[in-house]
């Protein structure tokens with residue numbers, strides 16, 4: 001839905017907004033963006049920050065000093081959604097004494113709630129779903145004209161028109177596919193992010209070439225279900241397969257000069273193919289790190305979740321990855337206490353975590369979400385069970401992660417320096433190819449100083465469950 005509310009109420013056609021040129025008026029105010037949730041939201045926030053800066057806004061030093069406050073929201077868990085309402089309440093009270101404040105809610109909560117948000121928080125100026133991130137300037141033009149705007153209609157996502165204001169100068173998110181066509185029974189994403197929309201390989205490569213020209217060294221290709229990339233694009237090869245797949249995209253962008261590392265997330269076991277695994281092995285820039293959610297280690301629970309694969313298939317994927325890339329890191333997402341999950345089924349999840357030996361696990365207790373089948377089921381588990389199972393899982397995850405990291409003690413790992421350690425300014429921090437957070441001294445042998453963007457060989461001398469520390473060696477590859 002797209003509505004623009006004034007006095008009297010007026011309905012503004014979506015097509016008019018999409019085709020009218022955006023305003024060129026320059027704003028002198030400041031903005032603040034608070035991002036909740038996934039990497040897709042972070043990438044959307046970077047694009048919206050770029051749009052605001054192109055409009056003449058500048059970033060405020062603090063949220064309570066901003067003339068425009070934008071919350072890019074997440075609805076994947078109830079606690080994230082409630083946090084948003086807490087922030088909004090504070091800003092709504094502020095607006096009563098600062099009437100020129102613009103208050104914007106973007107992202108998945110905006111898409112889910114739509115006009116209901118205006119009824120709950122009438123101080124809002126703009127409610128916009130994630131498909132409208134690139135339309136921010138045109139939407140704010142309506143706000144400048146004194147209207148309250150709700151933009152939650154299912155739209156084709158415009159190609160990026162404004163340079164994103166990146167939070168990093170080293171590593172960049174690159175959206176390659178938006179939306180999700182899966183129908184997992186617990187997940188609200190398809191209803192708030194819409195159907196899959198793949199960007200063209202040419203547009204993606206052009207963006208990456210621009211990033212390389214600006215000095216970026218690492219890119220992460222993003223999608224809610226990135227292995228589905230290209231399903232909506234035309235073209236069939238002589239062999240009868242789709243012409244545009246994630247595997248083809250990796251080959252298409254691999255030779256962009258200046259980009260040293262390529263990652264991608266998030267994968268779905270249902271679409272993670274042998275051909276993709278072999279491409280990751282063959283292409284030297286693709287990092288040996290794979291984020292593949294398994295959600296549950298029990299086949300009956302997976303069936304209830306409508307995930308479309310079995311534990312056996314997941315094992316085959318992991319085994320093949322490690323057959324070709326023995327040191328590859330595998331991270332995952334897990335949900336415990338799904339409706340009806342028994343003690344034995346939960347134990348199957350624990351068993352799989354230990355068997356696979358995950359390097360990192362994003363854990364969560366099941367949270368009923370609006371407009372999802374699982375939220376309506378009668379076999380919901382009590383909160384005390386959720387808390388206890390999550391506690392058990394987290395303890396196991398930390399133990400397994402420490403075991404995995406212990407293998408690196410004494411080894412030399414190549415680290416891409418991303419910035420200064422905020423707790424120890426004399427240190428830099430970065431990540432290995434396997435995505436391990438690593439800290440090391442900014443000054444190396446023979447008074448050599450390292451900078452963000454350098455690729456530094458670091459000898460690991462201390463390991464923790466979720467980070468490594470070490471000493472720089474002589475070898476380094478400068479960013480410049």
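Using N, Cα and C of the backbone, Cβ positions are placed for all residues, glycine too.
Residues within less than 8 Å, Cβ to Cβ, of residue 38 ([4Fe-4S] cluster 1 binding site) and separated from it by at least 6 positions along the same chain comprise 74, 76. The feature [4Fe-4S] cluster 1 binding site is assigned by Swiss-Prot to 38, 74, 108, with sequence analysis given as support.
The [4Fe-4S] cluster 2 binding site annotation in Swiss-Prot covers 180, 184, 187, and the record cites sequence analysis as its basis. Under a cutoff of 8 A between CB atoms, and with a sequence separation of 6+ in the same chain, the neighbours of residue 187 ([4Fe-4S] cluster 2 binding site) are 76, 180, 369, 372.
Summarising the annotation, Swiss-Prot assigns domain 'MTTase N-terminal' to 29-145 and lists sequence analysis as the type of evidence. On the 0 to 100 pLDDT scale, the domain 'MTTase N-terminal' (29-145) averages 93 in this prediction.
As annotated by Swiss-Prot, domain 'Radical SAM core' applies to 166-403.
Taken from Swiss-Prot, the feature domain 'TRAM' applies to 406-474, supported by sequence analysis.
The secondary structure of residue 187 ([4Fe-4S] cluster 2 binding site), as reduced to three states from DSSP, is coil rather than helix or strand. In sequence order, 37, 41, 73, 74, 75, 76, 129, 130, 188, 189, 192, 193 are the residues of the chain that are 6 or more apart from residue 108 ([4Fe-4S] cluster 1 binding site) and have a CB within less than 8 Å of its CB. Just so you know, the Cβ of residue 74 ([4Fe-4S] cluster 1 binding site) picks up 22 other Cβ atoms within 10 Å once every protein chain is counted. Look at residue 108 ([4Fe-4S] cluster 1 binding site): DSSP puts it in a helix. The domain 'TRAM' (406-474): residue composition by secondary structure is 4 helix, 38 strand, 27 coil, according to DSSP.
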